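According to Swiss-Prot:
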SIGNAL    1-26  signal peptide
TOPO_DOM  27-758  topological domain 'Extracellular'
DISULFID  53-107  disulfide bond
DOMAIN    151-214  domain 'Ig-like C2-type 2'
DISULFID  158-207  disulfide bond
DISULFID  252-311  disulfide bond
DISULFID  454-535  disulfide bond
DISULFID  577-636  disulfide bond
DISULFID  682-731  disulfide bond
TRANSMEM  759-780  transmembrane segment
REGION    940-982  region 'Disordered'
COMPBIAS  940-957  compositional bias 'Basic and acidic residues'
COMPBIAS  959-971  compositional bias 'Polar residues'
ACT_SITE  1022  active site, proton acceptor
């Protein structure tokens, strides 16, 4: 049933439509009018809202969401109004208005065309203010969800009930969003408007307002909804391969942003039968994305199931899919083929190279690549296996070879392999290029014959061509470079007439450093023209060139200053400076003056223009009428074109004051016999040197036959005086300051007959003397010819002195300057490492030595200033010996030498940074461990300072206070505080522990070095731990810097007559009979073993070096076993100390024995060795003497040795080898007064002044039969060696030999008793060669 109100509204609406329709084509409708004017109106809560709408047509109300039209509070009445009731009015009444009624109230016509909608609606925003409710909607407990889209507008609808309320927008947890009027806008009728929402606005947002001191909040939770699909994948490899009957499992993974839902479906070949089962799940553990899984499973796959499997993912309008193909096979198989050809090529230096094969197989086989029959990935870390490919990183020449791929399916017993050959081509390399790259080129003497070499290597073998690039003959200002002018380069051959005359160009293949290289030699027959020789090596990979600056010089060393003569006052000073024009420029003369201890450079005015010649530039300096003030140091300065360095050549000029001549002695009358000869001397001094003129009877004497004027005419010599020669002789000396003269009368006696007789006698005498001299010359030549035929392989001091004298041996040794000569300019001398009686050793930096492209630290031996010719000859002889010996790892090797004139003689050898072995072992006494396990488990502890190191010294520097050097043996070491700081980088090395394996290794290496020296027929004669240097990587090297050893200050060398000798290390035959051989070196090696296994102890501790020591040594008494020795090591020592040199082992045998011991030690790690002196009570600290080993020796309880074991528990050692029946060996320790006392190993090692020169030689008597030395394991003492250096003073012979003081020798016995008492103390006549010929050990 329709009410009247509804009927009226309906009729009004119809009428309005008619009116609006009519008015649309005619007059325009006016907007409805509201009774409240403006855009907003504020009222208080609880009041009644009256609002009337007047319009020209029927209209309706639009109200806020919280105002319900069915509410009893709301009433709307409609009526006709206006003139004649032609207008429509509607009155809205809202009783007791509430805060949530706040909003837009609008009135609009019922039927309005879309285009006129805005014009037919009127609205006003009503604020219903309530102090207890500032927000229209309150969500204080549960936040309101707001959906948002990134990039679009987001409205936070925290509307307020009064426009005057201040609202703050906050984002959990601590952010505050402040309106900026652009991106974030506050509107009291809408809330906060964010124009371009991002992910940052996702989360909990809170609007806060404070009213009357009370805080109100309303919460909103933004929710981003998206349909984005990030990625879709099938985790199974593509394509999928299966055997028939197996199960197929495909996992499809879809990744989406948060708040996204997807639909995942599958399509597959046999989908109609629905054989597949699908499981789905979602992983939301990721904070940034959702991961959806769909797993498809098909059991018992058949051939009909092969084909394409597709996974489709849809989210709203977004769609993605992924597919894979499935292959079904009946059985396993492998097929492999070459991808290209069997022989492959690549280039060295390539970042990576992929070696791959075409492989089809199922199931996936195991892949192994072999290189030359060995697993490639185990051979080098640069080989990586990727699928069926082998990746070679950073290709090198060593990567060439045969590569085999092994494919295997072991479960199906299917195997296949295929081999390919890889050739690695190498760009040519010229090995001389590194040396020729130095900025300062070489100079070649004018007219000399020169040989230029170019050695190239590459794969394939490169071809070498020579080119000539001439220098501009007018060149004077610029350097002659390949690019400095535009002159053409000419290819050379043997018949070329370009440049210098070519004698030959040859090429040959040579194996150098294990590689087959092409060596080309260009021989210049006559060096006349300066230019650049260019060596070009090329192959298919590339081309490389080497420029050889060939500068001709007519000046020695390219720079020379010449003084015509030293002028006197008033004369002219004439100097000339000549430099090579291609190497130097800006030539000028300067005068050097010293002012306030500073050298000042003063230019010299009025210098002449330089004269440019074909090869050089000459600048002359002439100072006319010099005075004494012109004395000084004149220097020619020139700038090196290549280095830019200014070079000075100095000449000291001393102007002498003029002095009138004066005679040193006047002439005196004298009488001579006829036919004899006479000489008249007239020596005069003066400045300048006076000119002498001779007169006879006032007539000037000229030189003629029979009358000879000596140098400067100061001597007049008359041959066969005749009667006519009698008269007055007058000499006159004249210079600018005056003249002086003297005269004498010469009387001639005798007759002509007598003179004829004298002439005949003189003639016969001359003939006889000539014949005698001729016969003597022939005899000497015959003797030299026979001696020169002696074989030269027995060289140096090792040659039998009875065959050829030592000096003659050394003179025969050749010195190859082309191989060993090193430019002094490339050698930078550093700190002094040590000095000796007449030589010194300095540390230096050598650039390019041994063709190395880098700077290398070396040791340089040189003479001190003022060295004599014999000392120079000694060092040169030593250099020749070094060149003869050759190279070996365990010998300090020669690197080069500087022998050319213009500088000091220098011998360059290897530098060993860790010093000598003796000092090193002493520093390790608190860090010695029997095996590596103990060393690895030791507790870290603060390193204890040695005595003497507490005052600011480092533990490393024990050689600072020692007479022994860390760089060589025996010389005094120069160390400053800065030197100490430079050695701090080695502290870590000195803190590392040392084990039994290290001691055996040192012994083994020294034996190897001595084996090498003995093979070169070299005898060391001073083999000791002080002459063993420790290099990097625990390598020891034998050395003996003989010229630098100051044996006069080293207590290891005992004076014997006028010579000091290392007696403790010398074999008996060397002491008594002066016999040196390889077997005497073996004796010294045994003493060296004793030093090593006593950790640097001094041999024969507590034993005086006197005649009693000689006698005991001759009787077979030997040293006890050292503290850290094993029975096998001690047996080796005793073998080396055999009385008969022939019974001592050869060094080759020692290498074999120690090699076996070293290998055994590595395998057993030291656990099965029993140190001989380890038979001590672990905690008592006392030393016991024990009997020799017996059968039940090892049944006794033995306490652990005093090694650092890394544990506080007692450790016992059990030997792993059998002992022979051992004879008893007498030891020196048994004779000492207090056998159990602790000896200081730093007593003077050799401290006895033995015999005077009057005692001629020792006596050696073989009164007892020879017996083989066996081990006696009787331990008589355990001396704890300690201290830093040899500090005690040398002691002297016992009273039985007579006491000898340093100042004066006094003997208390008469000669007969003396000869009987000290027959053992006579020195050999001369041991100077020990000093002269050493380093490396000879």
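Cβ coordinates are placed from backbone N, Cα and C, and glycine is handled just like the others.
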Secondary structure of residue 53 (disulfide bond) (DSSP, helix/strand/coil): strand
Euclidean distance between Cα atoms of residue 535 (disulfide bond) and residue 577 (disulfide bond), Å: 34
Under 8 Å by Cβ from residue 636 (disulfide bond), same chain, sequence gap 6 or more: 559, 561, 575, 577, 579, 587, 588, 589, 619, 648, 649, 651
For residue 682 (disulfide bond), the one of 158, 252, 535, 1022 that lies nearest, given that the recorded positions are compared by Cα: 1022
Rounded distance in angstrom between the Cα atoms of residue 731 (disulfide bond) and residue 252 (disulfide bond): 128
Length of the line joining the Cα atoms of residue 158 (disulfide bond) and residue 311 (disulfide bond), in Å: 45
Other CB atoms within 10 A, centred on residue 535 (disulfide bond): 24
Residue 535 (disulfide bond) and residue 311 (disulfide bond), distance between Cα atoms, whole Å: 67
Local backbone state of residue 252 (disulfide bond), from DSSP in three classes: strand
Distance check against residue 454 (disulfide bond) for the disulfide-bonded residues 107, 207, 252, keeping those with Cα within 10 Å: none
Candidate nearest residue 53 (disulfide bond) in space, where candidates are the recorded positions 207, 252, 535, 1022 and distance is Cα-Cα: 207
List of residues, in chain order, with Cβ under 8 A from that of residue 107 (disulfide bond) and at least 6 apart: 32, 34, 53, 55, 59, 60, 61, 62, 90, 121, 122, 123
Cα-Cα distance linking residue 1022 (active site, proton acceptor) and residue 207 (disulfide bond), given in Å to the nearest integer: 98
Local Cβ density at residue 577 (disulfide bond) - other Cβ atoms counted within 10 Å: 26
